[in-house]
């Protein structure tokens, strides 16, 4: 490769279009999002639980720190690092990288969930006060935020020893703040231990379920038994996490693994944002119990079931088509040829809207919030946030697909005009 082509390669990596507000976003988001996590937890525990309360319920220094929190967090992550390394389940290959290689990944996250469940049952049988997790929410969140920053700094520094082909296309802009935020290295590994893949589905996602269980046990301490609303929230979100881990192999083709570098954005999202904001409904119910009728519960269960059905069926159809387009379940579906040699589905679930999995995801998100009633906006934070997130994610995906598939993508968009919501958006 000559000097001109090297210069072109260098320039193209630095001229990559920046996302999430570019440099300004890279400065503001790592400050605002951690504060948002602490704010939301504090509000969920306050009697008013009002997002508009001013001044907001600021926690004291004593509420932000407990020496038990870092011990639990480090122990939890160490446990799942060990479970990750166990020779359980199968090993799958990821997509082809720019250097022509495929990385191997252990598909054993569901085993990790089951082993975690057994350990939690043993702790409950031994009388461990899992309800104390309610008091530890803020200190645990503070520790998770701290770990996110430390890990992000490590990832940024080590990326300068990575070969150029191992860097994410959008994370090598030359702007230190932006590259730290978005992530320079695509698949950082220590030996065969893939840091991004580990964080994506293990400690944070399973930790979310454990925190929910702690909130339910706190409710048992306070009121003698868990409420129907708390049981529904725990069951819905456990199903979601179990489904993600049961279908762990599908994450190998997602934008997070294939496209995004591993920087503060994903680290913080995996380790702090998901476990401490996705389960706000359970934390809210501890302080603000809600009565739920049998009819209301049945309607909410039905909504969650519809959402889950759309989510799982559409994702399974897409993954089956990617693995084997000749499989009987997808072979008869109508497709559009592209210049890359790949084909785009324009029938089945993917002929309904361009992202039917997002539609199912949002219906489930609404079902998680409805058990909390309508007296407060806080339990619906996740629905609002997730709607904005998925619309933004869809726009990113749209831009990438248009660049990748060209005219074929324009044809697909004419055939499937709605992005997420049929006849709406």
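Just so it is clear, glycine is given a Cβ too, placed from its N, Cα and C backbone atoms.
In TrEMBL, annotation is done automatically, which means it is predicted and not curated.
TrEMBL tags one of the stretches 365-391, 392-418 as transmembrane segment, and that stretch is 365-391. Sequence-distant neighbours of the transmembrane segment (64-86) (same chain, 6+ residues past either end, Cβ-Cβ under 8 Å): 38, 106, 108, 111-112, 115-116, 135-136, 138-140, 142-144, 147, 193, 198, 202-203, 206-207, 210.
Annotation: stretch 136-157 has the most Cβ pairs under 8 Å to the transmembrane segment (262-280), among 107-130, 136-157, 225-242, 292-311, 365-391.
For the transmembrane segment (365-391), the most Cβ-contacting stretch among 20-44, 107-130, 136-157, 225-242, 292-311 is 292-311 (pairs under 8 Å).
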